[in-house]
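Here is the structure we will look at.
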Amino acid sequence: MELLKGAEVSAKIKEQAARMLEKLGGNVPKLAIVRVGERPDDMSYERGAIKKMEGFGLRVQSYVFPADISDQDFKEAFRNINQDEDVTGILLLRPLPKQICEADIERMIDPAKDLDGISPSNIAKVFAGDGTGFAPCTAEAVIEVLKANGIAISGKRVTIVGRSMVVGRPLSMLMLKENATVTICHTRTADLEGTCRSAEILVAAAGRAKMLDKRYVGQGAVVIDVGINVDENGKLCGDVDMDSISGAASMATPVPGGVGAVTTAVLAKHLLLAAGQKSG
Ligand code: NDP
């Protein structure tokens, strides 16, 4: 089984990003990372994003708010960031604390700055197969991993485990745009094992540590593991049991070091696209 390393895909996106940055002629775009509270997952993603932006030669600033900030105060602060001419794009770390109405923020965010595809207009574009909007970075990262490794998507049987608005659903639409035949699985799927096993490309985005073992993987399948979980020993792991599937899958992405590394590279690419659109 060949391991599909995220770093190699990220390096390819970096080359593309360097050309995009050059075209901007010294106007280095700025990413605003908006975080409420101190959730370890958010902080780890934030650190990764900052490192990636800096590595790509882009500007980044974190805007951090206390976990108990009121809905009104957060909206006011968010409005200012959203309207700031110096901010090219925004990454909002979610979920937000319960007292803040997340749906209002999704409607507030300027679609042109909405790099992670949370606004209704960007979501509508993804579902309509219109490539001019921003898709959620993780969903797009899965497509980037496949393309960068020369894995054909068109006509393939693709099964996605997970139907969230962050990964499963938008990814199913991106796969459809690439002419895959898509099946989406979730907790009510009757024959999860068989449905997964019949896939030529299997994407795991369930958030269940090592849930998918060799019983779920057809011979020669390509397995993309989006999951980020902690195993019984406190170690980071995906949704796929890598040791178990190694005899069945032809290729698979590791966790860590797979899709996660590509997600922040896609974020950087989106920032540069937003800057390009702004400069006309
Ligand atoms: P959610 O919890 O929002 O969604 C999980 C989905 O998986 C749901 O649709 C759920 O079904 C389905 N699911 C859960 N358990 C099972 C099961 N036993 N059998 C079948 N389906 C199941 O998670 P997210 O989409 O936000 O994230 C998924 C994973 O991806 C997480 O591990 C997360 O950490 C990771 N992630 C990784 C990113 C990256 O950059 N690599 C970025 C974002 C997320 P149902 O709808 O029926 O409940």
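Keep in mind that glycine also has a Cβ here, set from the backbone N, Cα and C atoms.
Keep in mind that TrEMBL annotations are predicted by a computer and have not been checked by a curator.
The model shown is predicted, which means the values in this text are computed figures rather than measured ones.
Annotated in TrEMBL:
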{"type": "DOMAIN", "residues": "4-116", "note": "domain 'Tetrahydrofolate dehydrogenase/cyclohydrolase catalytic'"}
{"type": "DOMAIN", "residues": "136-276", "note": "domain 'Tetrahydrofolate dehydrogenase/cyclohydrolase NAD(P)-binding'"}
{"type": "BINDING", "residues": "G162, R163, S164, I228", "note": "NADP(+) binding site"}
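Known features from TrEMBL, placed on the structure.
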residue	record	Cβ contacts under 8 Å, 6 or more apart
G162	NADP(+) binding site	G168, I184, C185, H186, V203, A204, A205, A206, G207, V226
R163	NADP(+) binding site	R169, S172, I184, C185, H186
S164	NADP(+) binding site	A205
I228	NADP(+) binding site	D41, G207, L236, G238, V255, P256, G260
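Residue counts of the domain 'Tetrahydrofolate dehydrogenase/cyclohydrolase catalytic' (4-116) by helix, strand and coil are 54 helix, 19 strand, 40 coil (DSSP-based).
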